[in-house]
Amino acid sequence: MAARGGRRGSSVGVGAELGQGWRRARGGQGRNRRGHSYGRDWRGVRGQGRPVRSDVCQQKGFRLQFSTQEQGPQICVVGSGPAGFYTTQHLLKHHPRAHVDIYEKQLVPFGLVRFGVAPDHPEVKTARSDRCAFRGNVVVGRDVAVSELQAAYHAVVLSYGAEDHQALEIPGEELPGVFSARAFVGWYNGLPENRELAPDLSCDTAVILGQGNVALDVARILLTSPGHLEKTDITEAALGVLRQSRVKTVWIVGRRGPLQVAFTIKELREMIQLPGTGPMLDPADFLGLQDRIKELPRQRKRLTELLLRTATEKPGAEEAARQASATRTWGLRFFRSPQQVLPSPDGRRVAGIRLAVTRLEGVGEAARAAPTGDTEDLPCGLVLSSVGYKSRPIDPNVPFDPKLGVIPNMEGRVLGVPGLYCSGWVKRGPTGVIATTMTDSFLTGQMLLQDLKAGLLPSGPRPGYAAIEALLSGRGVQPVSFSDWEKLDAEEVSRGKGAGKPREKLLDPQEMLRLLGR
(Lines of atoms letter the chains of each structure in order from A and count residues from 1; the text may use other names and numbers.)
(Lines give C-alpha, C1' and ligand atoms only; values in the text may rest on other atoms or scores of the structure.)
Protein backbone atom coordinates (compact mmCIF):
# COMPACT_ATOMS: atom_id res chain seq x y z
CA MET A 1 0.00 0.00 0.00
CA ALA A 2 1.14 3.54 -0.59
CA ALA A 3 0.60 4.45 3.03
CA ARG A 4 2.83 1.61 4.13
CA GLY A 5 5.36 2.55 1.48
CA GLY A 6 5.84 5.95 3.09
CA ARG A 7 6.15 4.66 6.67
CA ARG A 8 9.51 4.46 8.42
CA GLY A 9 10.63 2.93 11.68
CA SER A 10 9.96 -0.72 10.97
CA SER A 11 11.27 -3.53 8.84
CA VAL A 12 9.64 -3.62 5.43
CA GLY A 13 9.19 -6.71 3.25
CA VAL A 14 9.79 -5.93 -0.39
CA GLY A 15 7.27 -8.42 -1.77
CA ALA A 16 4.89 -7.25 -4.49
CA GLU A 17 1.61 -8.48 -5.85
CA LEU A 18 -0.38 -7.93 -8.98
CA GLY A 19 -2.81 -4.99 -8.68
CA GLN A 20 -6.29 -6.35 -8.17
CA GLY A 21 -7.98 -3.69 -10.29
CA TRP A 22 -6.03 -4.60 -13.41
CA ARG A 23 -6.28 -8.36 -12.64
CA ARG A 24 -10.05 -8.01 -12.66
CA ALA A 25 -9.83 -6.26 -16.01
CA ARG A 26 -8.00 -9.30 -17.37
CA GLY A 27 -10.18 -11.88 -15.61
CA GLY A 28 -7.23 -13.10 -13.53
CA GLN A 29 -5.10 -14.44 -16.37
CA GLY A 30 -3.63 -12.78 -19.44
CA ARG A 31 -0.82 -12.52 -21.89
CA ASN A 32 1.59 -9.67 -22.35
CA ARG A 33 2.93 -8.32 -25.64
CA ARG A 34 5.81 -10.75 -25.69
CA GLY A 35 3.40 -13.63 -25.34
CA HIS A 36 4.24 -14.45 -21.69
CA SER A 37 1.19 -15.34 -19.61
CA TYR A 38 0.64 -13.69 -16.28
CA GLY A 39 -1.99 -13.81 -13.58
CA ARG A 40 -2.07 -15.43 -10.16
CA ASP A 41 1.57 -16.54 -10.34
CA TRP A 42 2.89 -13.11 -11.33
CA ARG A 43 3.87 -10.17 -9.21
CA GLY A 44 4.78 -6.76 -10.53
CA VAL A 45 5.91 -3.38 -9.33
CA ARG A 46 2.85 -1.39 -8.43
CA GLY A 47 1.58 0.42 -11.49
CA GLN A 48 4.27 -0.70 -13.91
CA GLY A 49 3.24 -1.87 -17.33
CA ARG A 50 5.01 -5.25 -17.34
CA PRO A 51 4.79 -8.15 -14.88
CA VAL A 52 7.78 -9.50 -12.97
CA ARG A 53 7.81 -13.15 -11.89
CA SER A 54 7.75 -13.62 -8.13
CA ASP A 55 10.27 -16.46 -8.27
CA VAL A 56 12.73 -14.18 -10.06
CA CYS A 57 12.19 -11.50 -7.41
CA GLN A 58 13.05 -14.01 -4.69
CA GLN A 59 16.11 -15.30 -6.55
CA LYS A 60 17.37 -11.75 -6.93
CA GLY A 61 16.97 -11.09 -3.20
CA PHE A 62 13.98 -8.81 -3.78
CA ARG A 63 12.13 -10.07 -0.69
CA LEU A 64 14.85 -9.03 1.73
CA GLN A 65 14.17 -7.54 5.17
CA PHE A 66 16.14 -4.52 6.25
CA SER A 67 16.47 -2.39 9.36
CA THR A 68 15.50 1.25 9.25
CA GLN A 69 18.32 2.09 11.66
CA GLU A 70 20.29 2.87 8.50
CA GLN A 71 18.19 4.91 6.10
CA GLY A 72 18.08 3.75 2.50
CA PRO A 73 18.25 6.24 -0.35
CA GLN A 74 15.18 8.40 -0.78
CA ILE A 75 14.40 8.69 -4.50
CA CYS A 76 11.72 10.73 -6.22
CA VAL A 77 10.24 9.80 -9.60
CA VAL A 78 8.06 12.36 -11.39
CA GLY A 79 5.46 10.65 -13.57
CA SER A 80 3.54 7.41 -13.02
CA GLY A 81 3.41 6.10 -16.57
CA PRO A 82 5.48 3.21 -17.94
CA ALA A 83 8.79 5.14 -17.76
CA GLY A 84 8.23 6.08 -14.11
CA PHE A 85 7.25 2.59 -13.05
CA TYR A 86 9.97 0.80 -15.00
CA THR A 87 12.57 3.13 -13.49
CA THR A 88 11.10 2.42 -10.07
CA GLN A 89 11.10 -1.32 -10.72
CA HIS A 90 14.82 -1.28 -11.51
CA LEU A 91 15.68 0.81 -8.44
CA LEU A 92 13.71 -1.40 -6.05
CA LYS A 93 14.93 -4.62 -7.58
CA HIS A 94 18.61 -3.69 -7.49
CA HIS A 95 18.76 -1.75 -4.20
CA PRO A 96 17.05 -3.59 -1.32
CA ARG A 97 16.74 -0.46 0.87
CA ALA A 98 15.74 2.17 -1.68
CA HIS A 99 12.45 3.97 -1.14
CA VAL A 100 10.74 5.61 -4.11
CA ASP A 101 7.99 8.25 -4.07
CA ILE A 102 6.20 8.62 -7.40
CA TYR A 103 4.63 12.03 -8.02
CA GLU A 104 1.83 12.36 -10.56
CA LYS A 105 -0.25 15.38 -11.64
CA GLN A 106 -3.33 13.21 -12.23
CA LEU A 107 -5.30 11.83 -9.29
CA VAL A 108 -4.79 8.32 -10.63
CA PRO A 109 -1.65 6.37 -11.59
CA PHE A 110 -0.48 4.58 -14.73
CA GLY A 111 -0.19 7.47 -17.20
CA LEU A 112 -0.01 6.20 -20.79
CA VAL A 113 -1.12 2.74 -19.69
CA ARG A 114 -4.44 4.12 -18.41
CA PHE A 115 -4.94 7.02 -20.78
CA GLY A 116 -2.95 6.06 -23.90
CA VAL A 117 -3.31 2.32 -24.46
CA ALA A 118 -6.38 1.53 -26.54
CA PRO A 119 -9.24 0.20 -24.38
CA ASP A 120 -9.35 -3.02 -26.40
CA HIS A 121 -5.66 -3.60 -25.45
CA PRO A 122 -5.94 -4.29 -21.70
CA GLU A 123 -3.04 -6.75 -21.58
CA VAL A 124 -0.49 -4.05 -20.67
CA LYS A 125 -2.48 -2.77 -17.69
CA THR A 126 -0.81 -4.29 -14.63
CA ALA A 127 0.26 -3.08 -11.13
CA ARG A 128 1.94 -2.96 -7.47
CA SER A 129 4.89 -2.88 -4.74
CA ASP A 130 6.16 -1.92 -1.29
CA ARG A 131 8.85 0.70 -0.62
CA CYS A 132 7.04 2.69 -3.27
CA ALA A 133 4.46 5.37 -2.53
CA PHE A 134 2.16 7.12 -4.99
CA ARG A 135 1.68 10.90 -4.57
CA GLY A 136 -1.06 11.88 -7.00
CA ASN A 137 -2.69 15.27 -7.59
CA VAL A 138 0.69 17.01 -7.32
CA VAL A 139 1.83 19.14 -10.27
CA VAL A 140 5.62 19.32 -10.17
CA GLY A 141 6.75 22.70 -11.43
CA ARG A 142 3.61 24.37 -10.04
CA ASP A 143 2.79 22.86 -6.64
CA VAL A 144 6.40 22.03 -5.84
CA ALA A 145 9.64 23.01 -7.60
CA VAL A 146 12.14 20.45 -8.86
CA SER A 147 14.78 22.17 -6.69
CA GLU A 148 12.61 21.51 -3.62
CA LEU A 149 12.40 17.83 -4.56
CA GLN A 150 16.18 17.74 -5.00
CA ALA A 151 16.64 19.17 -1.50
CA ALA A 152 14.38 16.49 -0.01
CA TYR A 153 15.63 13.41 -1.91
CA HIS A 154 18.95 11.83 -2.72
CA ALA A 155 18.00 11.73 -6.41
CA VAL A 156 15.14 12.89 -8.65
CA VAL A 157 14.08 11.17 -11.88
CA LEU A 158 11.89 13.05 -14.38
CA SER A 159 9.67 10.57 -16.25
CA TYR A 160 6.68 12.74 -17.06
CA GLY A 161 6.37 11.78 -20.72
CA ALA A 162 5.17 13.82 -23.68
CA GLU A 163 2.10 15.83 -22.75
CA ASP A 164 1.67 17.75 -25.99
CA HIS A 165 1.28 16.99 -29.70
CA GLN A 166 3.17 18.13 -32.76
CA ALA A 167 1.17 20.77 -34.61
CA LEU A 168 0.59 20.34 -38.34
CA GLU A 169 1.31 24.04 -38.93
CA ILE A 170 -0.88 24.19 -42.04
CA PRO A 171 -3.85 26.46 -42.94
CA GLY A 172 -7.20 25.25 -41.62
CA GLU A 173 -5.74 23.31 -38.69
CA GLU A 174 -7.96 25.29 -36.32
CA LEU A 175 -11.23 24.27 -38.03
CA PRO A 176 -13.85 22.32 -36.05
CA GLY A 177 -13.46 18.65 -36.88
CA VAL A 178 -9.66 18.71 -36.67
CA PHE A 179 -8.19 17.08 -33.55
CA SER A 180 -4.87 15.76 -32.40
CA ALA A 181 -4.84 11.99 -32.07
CA ARG A 182 -3.44 12.53 -28.58
CA ALA A 183 -6.58 14.44 -27.51
CA PHE A 184 -8.84 11.89 -29.23
CA VAL A 185 -7.12 9.01 -27.44
CA GLY A 186 -7.37 10.92 -24.16
CA TRP A 187 -11.09 11.46 -24.80
CA TYR A 188 -12.03 7.81 -25.29
CA ASN A 189 -9.65 6.69 -22.52
CA GLY A 190 -11.03 9.10 -19.90
CA LEU A 191 -8.23 11.66 -19.52
CA PRO A 192 -9.91 14.42 -17.49
CA GLU A 193 -8.50 17.27 -19.59
CA ASN A 194 -10.03 15.76 -22.76
CA ARG A 195 -13.44 14.75 -21.43
CA GLU A 196 -15.18 17.72 -23.13
CA LEU A 197 -13.72 17.00 -26.58
CA ALA A 198 -17.04 15.88 -28.14
CA PRO A 199 -15.91 14.96 -31.69
CA ASP A 200 -18.57 15.00 -34.40
CA LEU A 201 -18.61 11.56 -36.03
CA SER A 202 -21.57 12.22 -38.32
CA CYS A 203 -19.35 12.15 -41.43
CA ASP A 204 -18.70 9.21 -43.77
CA THR A 205 -14.91 9.56 -44.06
CA ALA A 206 -12.16 10.26 -41.53
CA VAL A 207 -8.50 10.96 -42.32
CA ILE A 208 -5.69 10.15 -39.91
CA LEU A 209 -2.38 11.86 -40.63
CA GLY A 210 0.51 9.65 -39.58
CA GLN A 211 1.25 5.94 -39.86
CA GLY A 212 2.31 4.85 -36.38
CA ASN A 213 0.67 2.63 -33.77
CA VAL A 214 -1.40 5.50 -32.39
CA ALA A 215 -2.86 6.09 -35.85
CA LEU A 216 -3.87 2.44 -36.11
CA ASP A 217 -5.28 2.49 -32.58
CA VAL A 218 -7.49 5.45 -33.47
CA ALA A 219 -8.57 3.88 -36.77
CA ARG A 220 -9.46 0.65 -35.00
CA ILE A 221 -11.56 2.45 -32.38
CA LEU A 222 -13.42 4.38 -35.11
CA LEU A 223 -14.22 1.18 -37.03
CA THR A 224 -14.77 -1.36 -34.24
CA SER A 225 -18.31 -2.42 -33.46
CA PRO A 226 -19.63 -0.63 -30.35
CA GLY A 227 -20.85 -4.04 -29.20
CA HIS A 228 -17.23 -5.09 -28.78
CA LEU A 229 -16.06 -1.81 -27.26
CA GLU A 230 -18.77 -1.83 -24.59
CA LYS A 231 -16.98 -4.76 -22.91
CA THR A 232 -13.77 -2.71 -22.54
CA ASP A 233 -12.92 0.16 -20.18
CA ILE A 234 -13.70 2.83 -22.79
CA THR A 235 -15.68 5.65 -21.21
CA GLU A 236 -19.46 5.55 -21.46
CA ALA A 237 -19.46 9.10 -22.85
CA ALA A 238 -17.14 8.09 -25.71
CA LEU A 239 -19.08 4.89 -26.29
CA GLY A 240 -22.29 6.89 -26.65
CA VAL A 241 -20.73 9.03 -29.39
CA LEU A 242 -19.22 6.00 -31.15
CA ARG A 243 -22.62 4.24 -31.16
CA GLN A 244 -23.97 7.16 -33.22
CA SER A 245 -20.93 7.28 -35.52
CA ARG A 246 -21.51 7.28 -39.28
CA VAL A 247 -17.83 6.87 -40.14
CA LYS A 248 -17.51 4.10 -42.73
CA THR A 249 -14.10 4.84 -44.26
CA VAL A 250 -10.80 5.72 -42.59
CA TRP A 251 -7.72 6.77 -44.56
CA ILE A 252 -4.36 6.54 -42.78
CA VAL A 253 -2.00 8.90 -44.57
CA GLY A 254 1.80 8.94 -44.55
CA ARG A 255 4.41 11.22 -46.15
CA ARG A 256 6.63 8.30 -47.11
CA GLY A 257 6.19 4.75 -48.37
CA PRO A 258 5.53 1.20 -47.14
CA LEU A 259 9.14 0.70 -46.03
CA GLN A 260 8.93 3.66 -43.66
CA VAL A 261 5.67 3.01 -41.77
CA ALA A 262 6.11 3.30 -38.00
CA PHE A 263 3.40 0.89 -36.84
CA THR A 264 4.22 -2.65 -35.75
CA ILE A 265 3.06 -5.94 -37.23
CA LYS A 266 0.79 -6.71 -34.27
CA GLU A 267 -1.27 -3.56 -34.80
CA LEU A 268 -1.33 -4.05 -38.58
CA ARG A 269 -2.54 -7.65 -38.23
CA GLU A 270 -5.34 -6.51 -35.91
CA MET A 271 -6.46 -3.96 -38.49
CA ILE A 272 -6.42 -6.51 -41.30
CA GLN A 273 -8.47 -8.96 -39.22
CA LEU A 274 -10.85 -6.36 -37.74
CA PRO A 275 -14.39 -7.80 -38.00
CA GLY A 276 -16.74 -6.01 -40.37
CA THR A 277 -13.97 -4.16 -42.20
CA GLY A 278 -11.87 -4.57 -45.31
CA PRO A 279 -8.47 -3.06 -46.24
CA MET A 280 -7.81 -0.82 -49.26
CA LEU A 281 -4.19 -0.90 -50.41
CA ASP A 282 -2.96 0.19 -53.84
CA PRO A 283 -0.72 -2.51 -55.38
CA ALA A 284 1.12 0.23 -57.30
CA ASP A 285 2.56 1.49 -54.00
CA PHE A 286 4.36 -1.84 -53.59
CA LEU A 287 5.97 -2.22 -57.02
CA GLY A 288 9.57 -3.35 -56.75
CA LEU A 289 9.40 -4.13 -53.03
CA GLN A 290 9.45 -7.90 -53.48
CA ASP A 291 13.08 -7.80 -54.59
CA ARG A 292 14.12 -5.60 -51.66
CA ILE A 293 12.45 -7.56 -48.86
CA LYS A 294 15.30 -10.01 -48.35
CA GLU A 295 17.66 -7.12 -47.49
CA LEU A 296 15.44 -5.79 -44.69
CA PRO A 297 15.94 -6.35 -40.94
CA ARG A 298 13.75 -9.19 -39.62
CA GLN A 299 10.98 -7.10 -38.04
CA ARG A 300 10.73 -4.74 -41.01
CA LYS A 301 10.82 -7.73 -43.37
CA ARG A 302 7.88 -9.47 -41.66
CA LEU A 303 5.87 -6.24 -41.59
CA THR A 304 6.53 -5.51 -45.27
CA GLU A 305 5.67 -9.08 -46.27
CA LEU A 306 2.29 -8.76 -44.55
CA LEU A 307 1.62 -5.42 -46.27
CA LEU A 308 2.65 -6.86 -49.62
CA ARG A 309 0.46 -9.96 -49.26
CA THR A 310 -2.53 -7.85 -48.25
CA ALA A 311 -2.06 -5.46 -51.17
CA THR A 312 -1.23 -7.86 -53.99
CA GLU A 313 -2.36 -11.40 -53.25
CA LYS A 314 -5.85 -12.68 -53.97
CA PRO A 315 -7.46 -13.58 -50.63
CA GLY A 316 -8.65 -17.10 -49.94
CA ALA A 317 -12.33 -17.97 -50.16
CA GLU A 318 -13.02 -17.39 -46.46
CA GLU A 319 -11.18 -14.07 -46.34
CA ALA A 320 -12.74 -12.94 -49.62
CA ALA A 321 -16.21 -13.67 -48.20
CA ARG A 322 -15.36 -11.75 -45.03
CA GLN A 323 -14.15 -8.73 -47.00
CA ALA A 324 -17.17 -8.87 -49.33
CA SER A 325 -19.50 -8.61 -46.34
CA ALA A 326 -17.57 -5.70 -44.79
CA THR A 327 -19.58 -2.54 -44.15
CA ARG A 328 -16.58 -0.39 -43.25
CA THR A 329 -13.20 0.09 -44.92
CA TRP A 330 -9.76 1.45 -44.10
CA GLY A 331 -6.82 2.23 -46.29
CA LEU A 332 -3.20 3.32 -46.27
CA ARG A 333 -2.32 6.30 -48.47
CA PHE A 334 1.41 6.62 -49.07
CA PHE A 335 3.52 9.47 -50.45
CA ARG A 336 1.11 12.17 -49.29
CA SER A 337 1.85 15.15 -47.04
CA PRO A 338 -0.84 17.44 -45.54
CA GLN A 339 -0.83 20.90 -47.13
CA GLN A 340 -4.15 22.46 -46.13
CA VAL A 341 -7.34 21.53 -44.27
CA LEU A 342 -10.24 22.47 -46.54
CA PRO A 343 -13.30 24.18 -45.01
CA SER A 344 -16.97 23.53 -45.74
CA PRO A 345 -18.74 26.19 -47.92
CA ASP A 346 -19.90 28.04 -44.80
CA GLY A 347 -16.40 27.83 -43.30
CA ARG A 348 -17.72 26.28 -40.11
CA ARG A 349 -16.06 22.89 -40.24
CA VAL A 350 -13.63 20.63 -42.10
CA ALA A 351 -14.74 19.30 -45.50
CA GLY A 352 -11.52 17.77 -46.77
CA ILE A 353 -7.75 17.90 -46.82
CA ARG A 354 -5.34 18.91 -49.56
CA LEU A 355 -2.40 16.56 -49.80
CA ALA A 356 0.90 17.23 -51.52
CA VAL A 357 2.11 14.23 -53.52
CA THR A 358 5.64 13.29 -52.46
CA ARG A 359 8.53 11.16 -53.65
CA LEU A 360 11.36 9.67 -51.65
CA GLU A 361 14.89 11.01 -51.56
CA GLY A 362 17.32 8.48 -50.15
CA VAL A 363 16.66 4.87 -49.19
CA GLY A 364 15.37 2.86 -46.24
CA GLU A 365 14.10 4.35 -43.01
CA ALA A 366 16.32 7.43 -43.46
CA ALA A 367 14.61 8.40 -46.74
CA ARG A 368 12.87 11.77 -46.67
CA ALA A 369 9.71 12.87 -48.46
CA ALA A 370 10.11 15.63 -51.06
CA PRO A 371 7.15 17.35 -52.81
CA THR A 372 6.62 16.61 -56.48
CA GLY A 373 4.53 19.73 -57.06
CA ASP A 374 1.30 17.75 -57.51
CA THR A 375 -1.61 17.86 -55.06
CA GLU A 376 -4.86 16.00 -54.49
CA ASP A 377 -7.92 16.80 -52.42
CA LEU A 378 -9.40 14.11 -50.19
CA PRO A 379 -12.97 14.78 -48.96
CA CYS A 380 -13.55 14.03 -45.26
CA GLY A 381 -15.43 15.31 -42.25
CA LEU A 382 -12.87 14.44 -39.57
CA VAL A 383 -9.10 14.95 -39.48
CA LEU A 384 -6.97 13.42 -36.73
CA SER A 385 -3.33 14.44 -36.57
CA SER A 386 -1.04 11.66 -35.38
CA VAL A 387 2.32 13.08 -36.45
CA GLY A 388 3.94 12.86 -33.04
CA TYR A 389 3.86 13.79 -29.38
CA LYS A 390 6.23 16.21 -27.70
CA SER A 391 7.32 16.95 -24.15
CA ARG A 392 7.04 20.29 -22.40
CA PRO A 393 9.55 21.90 -20.04
CA ILE A 394 8.55 21.15 -16.46
CA ASP A 395 10.48 23.76 -14.49
CA PRO A 396 12.51 26.86 -15.48
CA ASN A 397 15.53 25.47 -13.63
CA VAL A 398 15.57 22.18 -15.54
CA PRO A 399 17.46 22.21 -18.88
CA PHE A 400 15.21 21.62 -21.88
CA ASP A 401 15.83 21.42 -25.62
CA PRO A 402 12.71 22.93 -27.26
CA LYS A 403 13.76 21.86 -30.76
CA LEU A 404 14.13 18.18 -29.87
CA GLY A 405 11.51 18.31 -27.10
CA VAL A 406 13.73 16.47 -24.61
CA ILE A 407 15.75 17.13 -21.47
CA PRO A 408 19.45 17.17 -22.49
CA ASN A 409 21.02 14.09 -20.93
CA MET A 410 23.74 11.50 -21.13
CA GLU A 411 22.32 7.99 -20.58
CA GLY A 412 19.63 9.51 -18.37
CA ARG A 413 21.87 11.86 -16.38
CA VAL A 414 20.59 15.42 -16.88
CA LEU A 415 23.47 17.51 -18.20
CA GLY A 416 24.84 20.01 -15.72
CA VAL A 417 22.54 19.00 -12.84
CA PRO A 418 24.05 16.28 -10.58
CA GLY A 419 21.43 14.10 -8.89
CA LEU A 420 18.81 14.80 -11.57
CA TYR A 421 17.88 12.08 -14.08
CA CYS A 422 15.29 11.44 -16.77
CA SER A 423 13.71 8.41 -18.47
CA GLY A 424 11.16 7.63 -21.16
CA TRP A 425 9.93 10.03 -23.82
CA VAL A 426 11.22 13.15 -22.07
CA LYS A 427 14.67 11.54 -22.22
CA ARG A 428 14.76 10.23 -25.80
CA GLY A 429 11.70 11.67 -27.57
CA PRO A 430 8.31 10.05 -28.28
CA THR A 431 9.52 6.95 -30.10
CA GLY A 432 9.22 3.20 -29.66
CA VAL A 433 6.73 0.97 -27.89
CA ILE A 434 6.31 0.23 -24.19
CA ALA A 435 9.09 -2.38 -24.33
CA THR A 436 11.43 0.34 -25.65
CA THR A 437 10.56 2.49 -22.64
CA MET A 438 11.26 -0.45 -20.33
CA THR A 439 14.83 -0.83 -21.63
CA ASP A 440 15.39 2.92 -21.60
CA SER A 441 14.12 3.28 -18.03
CA PHE A 442 16.16 0.36 -16.73
CA LEU A 443 19.27 2.11 -18.11
CA THR A 444 18.43 5.33 -16.25
CA GLY A 445 17.92 3.35 -13.05
CA GLN A 446 21.25 1.64 -13.61
CA MET A 447 23.05 4.99 -14.04
CA LEU A 448 21.46 6.35 -10.86
CA LEU A 449 22.55 3.33 -8.82
CA GLN A 450 26.05 3.52 -10.29
CA ASP A 451 26.29 7.16 -9.17
CA LEU A 452 24.96 6.23 -5.74
CA LYS A 453 27.56 3.47 -5.38
CA ALA A 454 30.35 5.80 -6.57
CA GLY A 455 29.48 8.38 -3.90
CA LEU A 456 28.31 10.99 -6.42
CA LEU A 457 24.96 11.51 -4.68
CA PRO A 458 24.35 12.99 -1.20
CA SER A 459 25.33 10.48 1.49
CA GLY A 460 23.57 11.91 4.53
CA PRO A 461 19.92 11.30 5.43
CA ARG A 462 17.25 13.09 3.43
CA PRO A 463 13.71 13.76 4.70
CA GLY A 464 12.00 12.61 1.52
CA TYR A 465 8.22 12.98 1.45
CA ALA A 466 8.04 14.31 5.02
CA ALA A 467 9.53 17.62 3.86
CA ILE A 468 7.45 17.80 0.69
CA GLU A 469 4.24 16.93 2.54
CA ALA A 470 4.74 19.95 4.77
CA LEU A 471 5.31 22.21 1.77
CA LEU A 472 2.22 20.92 -0.04
CA SER A 473 0.05 21.25 3.04
CA GLY A 474 1.06 24.88 3.40
CA ARG A 475 0.14 25.47 -0.24
CA GLY A 476 -3.29 23.88 0.00
CA VAL A 477 -2.39 20.88 -2.15
CA GLN A 478 -4.13 17.60 -1.27
CA PRO A 479 -2.03 14.64 -2.46
CA VAL A 480 -3.75 11.36 -3.33
CA SER A 481 -2.16 8.14 -2.07
CA PHE A 482 -2.26 4.68 -3.60
CA SER A 483 -4.79 3.62 -0.97
CA ASP A 484 -6.92 6.59 -2.10
CA TRP A 485 -6.56 5.34 -5.66
CA GLU A 486 -7.72 1.89 -4.55
CA LYS A 487 -10.95 3.48 -3.29
CA LEU A 488 -11.42 5.19 -6.66
CA ASP A 489 -10.48 1.94 -8.38
CA ALA A 490 -13.14 0.04 -6.42
CA GLU A 491 -15.71 2.69 -7.36
CA GLU A 492 -14.79 2.45 -11.05
CA VAL A 493 -14.99 -1.34 -11.00
CA SER A 494 -18.35 -1.20 -9.21
CA ARG A 495 -19.77 1.24 -11.76
CA GLY A 496 -18.52 -0.90 -14.64
CA LYS A 497 -19.86 -4.15 -13.23
CA GLY A 498 -23.48 -3.34 -13.95
CA ALA A 499 -22.67 -2.69 -17.60
CA GLY A 500 -20.48 -5.78 -17.99
CA LYS A 501 -17.34 -3.65 -18.28
CA PRO A 502 -14.06 -4.06 -16.37
CA ARG A 503 -14.56 -0.51 -15.05
CA GLU A 504 -16.26 2.79 -15.75
CA LYS A 505 -13.56 5.43 -15.41
CA LEU A 506 -14.14 8.50 -13.29
CA LEU A 507 -13.58 11.59 -15.44
CA ASP A 508 -14.10 14.56 -13.12
CA PRO A 509 -11.26 15.33 -10.65
CA GLN A 510 -13.67 17.17 -8.36
CA GLU A 511 -15.94 14.12 -8.18
CA MET A 512 -12.91 11.97 -7.37
CA LEU A 513 -11.94 14.26 -4.50
CA ARG A 514 -15.52 14.25 -3.19
CA LEU A 515 -15.52 10.45 -3.22
CA LEU A 516 -12.34 10.60 -1.12
CA GLY A 517 -14.02 12.98 1.37
CA ARG A 518 -11.87 15.97 0.39
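Heads up, the Cβ atoms here are built off N, Cα and C, so glycines get one too.
Marked as compositional bias 'Low complexity' by TrEMBL: 1-22.
Annotation comment: TrEMBL describes 1-53 as region 'Disordered'.
Residues annotated as compositional bias 'Basic residues' in TrEMBL: 23-37.
For Ala83, Glu104, Leu112, Val140, Trp425, Gly432, Val433, Ile434, the entry in TrEMBL reads FAD binding site. Long-range Cβ proximity for Trp425 (FAD binding site), meaning a same-chain Cβ under 8 A and a gap of 6 or more residues, is found for Ala83, Gly161, Ala162, Tyr389, Ser391, Thr431, Thr437.
For Gln211, Gly212, Asn213, Val214, Arg255, Arg256, Glu267, Gly432, the entry in TrEMBL reads NADP(+) binding site. Counting every protein chain shown, the number of other Cβ atoms lying within 10 Å of the Cβ of Gly212 (NADP(+) binding site) is 23.
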Farthest-apart CA atoms of Gln211, Gly212, Asn213, Val214, Arg255, Arg256, Glu267, Gly432, residues recorded for NADP(+), distance in Å: 19
Residue, out of the binding-site residues Ala83, Val433, Ile434, whose Cβ gathers the largest set of other Cβ atoms within 10 Å: Ala83
Candidates Val140, Val214: member of the binding-site residues with the richest Cβ shell (10 Å): Val214
Of the binding-site residues listed as Gln211, Gly212, Arg255, the one whose CA lies nearest the CA of Val140 (FAD binding site): Gly212
Of the binding-site residues listed as Glu104, Gly432, Val433, Ile434, the one whose CA lies nearest the CA of Arg256 (NADP(+) binding site): Gly432
Cα proximity to Gln211 (NADP(+) binding site), best match among binding-site residues Glu104, Gly432, Ile434: Gly432
